[in-house]
Structures are given as structure tokens and as C-alpha cells.
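Colleague: Relevant sequence annotations retrieved from TrEMBL are reproduced here:
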BINDING   A:Cys169, A:Cys176, A:Cys193, A:Cys232  [4Fe-4S] cluster binding site
REGION    A:306-325  region 'Disordered'
Amino acid sequence: MELICPAGTPAALHDAVAAGADAIYCGFNDETNARNFPGLNFSREEMRESIAHAHRYGCSVLVAINTFARAGNVELWQRAVDDAVDAEADAVILADVGVMDYCARTHPQQRLHVSVQAAAANADSIRFYVDSFNAKRVVLPRVLSVQEIAAITKEVKCETEVFIFGGLCVMEEGRCSLSSYATGKSPNMDGVCSPAGAIQYREEKGALVSRLGEFTINKFAKGEAAAYPTLCKGRYQTDEGCGYLFEDPASLDATTMLPELRAAGVAALKIEGRQRGRAYIERVVKTFKDVLSALDDGRPLPVDALRGLSEGQSNTTGAYKKTWR
Amino acid sequence: MQLTLGPVLYNWKPELWRDFYFRIADEAPVDVVVVGEVVCSKRSPFLEPHIPEVVERLAGAGKTVLMGSLTLMSLPRERKAMLELAGDDQFTMEVNDLTCLGMLGGKPHAIGPFVNIYNEATAKYFATRGATRICLPPELPLSAIRAIAQSQPDVTFEVFSFGRVPLAISARCYHARLNKLSKDNCKFVCEQDPDGLAVTTLDDEPFLAMNGVQTLSYTCASLLGDVDKLRDAGAGAMRLSPQQCDMVAVAQLFRDAIDGKVAPSEGAAKLSAIYPLKQSNGFLFSKPGAAFVTDSGDVRRIVPAA
């Protein structure tokens, strides 16, 4: 299975190449990519140089152009596709059907991957992308169990890729407007979720209160670790009960699921975290290389090696086990 | 400007669901009605016995009837059900997931608000594949609605204009999670909240609403005061999403606003009397969706500052 690592900067990309990543995904420094954070991502020139560097070491680069093009300014997304092709990206990762259509017509030889943001959650949906745009791979949304992933992988005519580590959406990706409801900034249009610019912390009777826009997302007692106020991982109330109504502030760690994911026929494993620092990238890549070689050799998996690396306070296998079904 | 009644998003008792549509057929000044379960396939078997009579009554009253597809399909039985629906030539399907597009094989269809159409290039692509009506995603601002609608004059574009705004869909059921039940043995607890279960913050700010696998806004979208802007942008229909209130009166009020018989401020007051939930229209103005932008451009916070 191919190991795909995130890179938010050219330096992180170099680290990931050195650490032995099979492939790296990254994006341009504008709203065409779904990790549009200030100070992150690649200029056109950086992208060209970084891809050339990766290619010298046999590492491929996948360029994520995976927000939905803004009406009246679709050219910005089309130009991003053109520039990724010119920079010799090994694949473009797209979410918007209009952008996929442009890419398939204008650059028919370019390898096209369907982004997780496209929410292709079953074989019929994936078939639409394969038949319409000659998609070669689909990144599966994090709403599927391993059994469902296996069934899909068997049925479709393209490769499947899954997330194995890092931040975790509990809502189906690409179909969530919670962030824009609270802040006016959305993953689909702006490439951000629960953006830092909309967050405030305040002290209140000894508790730390985290707020997003006009809304309190969580309160932490003194000494309690305060998670980043991602909207779907806040504590809320209803008449029927309160707490973490949608999801605990947990991160995905599917290390223990790797044997099953391999048996399911998954082609590529993806690590989330283009916003993370170089130390994270290096350690997470090295660790997963070790885990995968242990898997290949039939040795026990070093499942605890990544402890402490995730952003959440606890880890979960997410939908892969569907313990809640 | 047409009026469309969107599908009931909540788990209503089947007989009440049927009677709701009977009254809509007889009384509501809407042009198009979307029928069917779009949120959770576990609810579908309870509605199915009533669908033929509901469709017949609505069609008999001159309404255009669309059958809404599910929004998230992962089970084989869900895909099979959609395949049957797509193959049924008695109905026009409203596609809520691209899963159904291949099944339709180019047949004319509508597209619901859960398909990501954010720009004119994507709208054009779907129009060439047979879409004749498109309800745009609720988070789109007016500028995008204008650019899209004006680029495809042959397609009728709808804007989500009344009701709690659907914001997210998940494989996981939050009603079941809250009640410490598994999804497979959920006991249909969502039926206790036929208007959605209000979610407030730890500071008692009204925030969201829970509806099984779906998350909606706490606020009720109201674009009643924005009719002229929508018409000017090229929108062809306003969508009303059923809530637990007099939807015939809601439809009549929107019809009056479209016909210029009621002023925006008067309309807002009348709407509050029919359905006293806080109103929002922020998405239309690139503000937080929870906000309400008045006709004079003031942005009202949904939560008054302390």
C-alpha cells in the first residue's frame, strides 16, 4: 500500500521525501485547496521545484485542488489545474464536478483523483466519476466501515485511498456547512473549518471558555486539557442530555486496522495534517513506514508508536469499526 | 417566481405525514412538491404505503411532484431502492447524491440542495446531463446565485428560503448516540422530535438542531424579505422546508410577498406569528448563516451580546 503524506510547506515536503514517503499531497497557497491556512501551502514556483525534488527521489506529488470553484471566478480553479499539470504533478485531487470536467477535457492525459470532499461514498457514485472524468482513484469519505470499503474496492474500476491518521471529520466531507453557519467561512468555499480567526478564548469563573464566532464551543475546568474548538467536537446541551453530542475531541488512528485495509484491497493510505509542523511529518512518516514493513514481514505492529502525535485528546478508529452501528 | 415545498426532513408519524400532504394539495399555493424520505432510509418503509395516494392527491391538485432521493447511501438496499426509483417513469427524481445520476441515464431530473453546485461550470455540466431544476446549496451567497442562474437561463434555480437549514449529514445517528442506542437498534427515537431537537451551547445560546443523521440550524431560514433580490439574481423558485407549523399559511405568506402584497417588515412579523423561531438569512449575504441581515443592511446577531 502506498503511503501518502501531507506537506504544508516546501520544507515539510523535503522532510517527507527524506523520511521515505511514497507520495506527498499539497496545494497552492490560495482558496483552491481545502487547507487554506495563512502562511501555508505552495507558490507556483515552490510547487514546480518541490515536485522536481520529489521526483528525483522517486516520490510522487499529488496536488489538491479540492474546494468548490467560486461562481464568477472559475478560472482561478482552472488555472490551478493548468499549473499543476505544467509542474508535472503525478495527479490532481479534485472535488468540484465543473473543475473535473475542465481537467478531463483540457488535460485528458492528466491523472485525476476524486477528493474526499467529493463525498463519493458508494460504488455507483464512484462509477459516475470514473465514467465521466476517467478518475483513477477515489479518496473515500470517513463514513465507511472496513467491510464497506472492501465491497466498494472490489466493485469499482479505480483505486481506493483511505485516511489512516490525523484529524477526523464526523460529518460526511464536502457536505458540511457547520463552519459557515457559525463563522461565514466554509470548507467547501474557503478551504477552512472552524478557522482560527473566528476563535476566542476567555476565562470565566476559573474555567477556560472557547468560542467560535458568536457561539461557545466548549468549557474546560482548571487542569482539563483544552482541545481546539472544532465545531463538531464541542460540548453542547439538549433537553435530552448534554456533552459531546457529535463526537469527542478525538483523532483518527487506524494503525490497528491496517491488516484489514490491506485485505480490503485499498491502494493508498493517507495521513491528514498539511497544517502540522515538520517534526510531526517526519515522525509520522517514519513510524508508518515501520508499521507497514512490519505488516509486510508479518511482525507484530508497533501500534503505540504514534501516541501523543495526534491533535485530539484521544484516538478512535472512526467509522472503520462502526462500533456505534 | 415559483414556490417549491421541499421534502419533510424529520421523522413524522406516517398518517400525519400523509394528512400533511393532503392539506398541502388542497390548500397550499405551491407549484412543486418534493415527496419521499431523503435523510434516513430506516424511515422509508413507514412512508411507502402512503406515497401513491399522496402523489395522486398532489398531482390531482395540479402540483408538480418530484421524488427526492436519499442524501447518503452506503447500504446495498439503499442503492437498490434508488435504482428502482430512477427507473420508474411515473416520477421525476430529485437527485440528492450523484449516486443516482448514472441510474437516470440522462433522463430529465431535478437536483436537490445536497449536491454541490457552487458555480456556473458545474451547473452547466449537470444541465447537459439532464438537470432541469436545481436547488442550490443553502450556504451560497447571492452573488453566486446570480452568476449561476444567469449562465443557465434554461434551468430553474431554487433557493432554500424557509425552514431549519440542513447543514451536515453523517453516517452516524446523533439521536441514537444521545440516547445511548446503536444505529441498528435506534428505536426510532428521532420521532420524538418532529421539528428537530434543539441544540444549545453551554452558555444557552441556541445553535443547532439534531435530526438523526442530519444536523440543521437552530434558526429558521427566512428569505421572505429578500424576494426582490432573488428575483433580480435570476432565481426561479423559492423552497419552503416543512416545519411543525401551519405550512399552508407559510406558503400563502411567501406567495403574497412574491406578489408584492406584503412588505418585508410586515412579512417578517407575520412569519414570526406563524412560526416563532429566530430567523436567519446570513448565508445570502456572505455572513455567518446564523445571522439575520435586515433590509437596511444591519446584521443582527442571533445571540444578543451579553
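From the backbone N, Cα and C atoms, a Cβ is placed for every residue, glycine too.
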Colleague: Going through the binding-site residues A:Cys169, A:Cys176, A:Cys193 in order, which have a C-beta under 8 angstroms from some C-beta of chain B?
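Modeller: Listed binding-site residues passing the 8 Å Cβ cut to B: A:Cys176.
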Colleague: Near A:Cys169 ([4Fe-4S] cluster binding site), which residues of its chain come within a Cβ-Cβ distance under 8 Å, counting only those 6 or more away in sequence?
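Modeller: Result: A:Pro141, A:Arg142, A:Cys176, A:Cys232.
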Colleague: Quick one: give me the count of other CB atoms within 10 A of the CB of A:Cys232 ([4Fe-4S] cluster binding site).
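Modeller: A count of 23.
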Colleague: For a quick check of understanding: among the binding-site residues A:Cys176, A:Cys193, which residue's Cβ has the most other Cβ atoms within 10 Å?
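Modeller: That would be A:Cys176, with the highest Cβ count within 10 Å.
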